[in-house]
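Data first, discussion second: the structure below is written as structure tokens.
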Amino acid sequence: MTMRTIDRMKAGFRSFKAAYYDQRPERVAHLVESGQEPEVLLIACSDSRADPAILMNAEPGDMFIVRNVANLIPPYQPDDQYHGTSAALEYGVRDLKVRDVVILGHSGCGGIQALVQGAIGGVTAPDREFIGPWMEIASCCSGHGPDVDAVSRQSVRNSLTNLLTFPFVKSGVESGYLQIHGWWFDMKEGALWRYVEENDRFEKVEG
Ligand SMILES: [Zn+2]
């Protein structure tokens, strides 16, 4: 009988503890005593196949990570609604003072797929309560369909634009303290792409 994922997770935690608490206790002690000082804030999709810590071979303390459906940055909209992504962005940039913000898109994104289907059929995920309104953030990108991956890359560009509507991001970029990056993971090819503003296109970084 194969072991269920939930049980493998417990064994996984034992491996993690051995790798850090047993083999690198000074690293753990530093993170506990000094608090976190990540240089990078990364926004990734919730997709189980695109875990940024695994993809980037990151360590505890490296990245302040926000994951949501389709790695979207909403526009700056200070009101009485619940803004989880904007709150994380605010904390990461204003309090943790990260130096880089990375938006990491990926191929075969289910959220973008729903958006593209909605553009064809009229409404995104009509029988769901939250996905449709959330994906509205990227609705301007659906015209780049029906190629889901093309819409996904366009959505990364749209999120970069939305990032700059946050005053604290804009001022950070203008002062040169903060850099923003649009990355895209091609799962099939095992390649990483980045958006190059000067050329207005994605160029391959690795893979
Ligand atoms: Zn996705």
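Using N, Cα and C of the backbone, Cβ positions are placed for all residues, glycine too.
Per TrEMBL, the feature Zn(2+) binding site maps to C45, D47, H106, C109. Contacts of D47 (Zn(2+) binding site) defined by a Cβ separation under 8 A and a same-chain sequence distance of 6+ are given as H106, C109, G110, in order along the sequence.
Other than the site residues C45, D47, H106, C109, same-chain residues with C-beta atoms no more than 8 angstroms from the centre of those residues' C-beta atoms, the Zn(2+) site, are A44, S46, R49, A50, A70, N71, G105, S107, G108, G110, G111, I112, S152, F185. Other Cβ atoms within 10 Å of the Cβ of C109 (Zn(2+) binding site) number 26 in total over all chains.
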